[in-house]
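Student: Before I ask anything, let me first share the structure, which is written out below as structure tokens.
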Amino acid sequence: MNSKIFAVLLLLAFLSCVLSDQYCPKSSITACKKMNIRNDCCKDDDCTGGSWCCATPCGNFCKYPTDRPGGKRAAGGKSCKTGYVYY
């Protein structure tokens with residue numbers, strides 16, 4: 001009986017890890033000079049290895065998702081270009 005309870009608890013723990021929400025990590029940078037703004041990506045498809053395209057004050061960068069909210073996904077769109085962005 002105890003092994004069945006343990007198996008159920010183990011399964012629930014596994015499912016809670018798999019089904020947890022994922023977010024872009026919060027950027028530690030609060031501001032960036034316009035000449036330093038660069039986009040490494042515009043959408044998630046531009047990233048590899050399960051990383052996401054996340055927006056920061058210095059541009060869009062591929063980051064691995066985290067379970068802590070606070071970051072922002074890159075909006076992408078037709079106007080998004082990779083490389084240095086001069087406004």
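Using N, Cα and C of the backbone, Cβ positions are placed for all residues, glycine too.
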Student: According to Swiss-Prot, C32 takes part in a disulfide bond; indicate which of C53, C54, C58 is its partner.
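Tutor: Within the candidate set C53, C54, C58, Swiss-Prot assigns the bond with C32 to C58.
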Student: In Swiss-Prot, C53 is paired in a disulfide bond with which of C41, C42?
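Tutor: When Swiss-Prot is consulted, C53 turns out to be bridged to C41.
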Student: Taking C80 as one end of a disulfide recorded in Swiss-Prot, give the other end from among C42, C47, C54.
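Tutor: Of the listed candidates, Swiss-Prot names C42 as the partner.
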Student: Regarding the disulphide bond with C24, report which of C47, C54 Swiss-Prot records as its partner.
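Tutor: Looking through C47, C54, the record in Swiss-Prot gives C54 as the partner of C24.
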Student: Which disulfide-bonded residues from the set C32, C41, C54, C80 come within 10 angstroms of C62 (disulfide bond), judged by C-alpha positions?
Tutor: C41, C54
Student: Which numbers of helix, strand and coil residues does DSSP report for the domain 'WAP' (21-66)?
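Tutor: Breakdown, helix to coil: 6 helix, 14 strand, 26 coil.
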Student: If one looks at the chain holding C58 (disulfide bond), which residues at least 6 apart in sequence have a CB under 8 angstroms from its CB?
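Tutor: The answer is I29, C32, N36, I37, R38.
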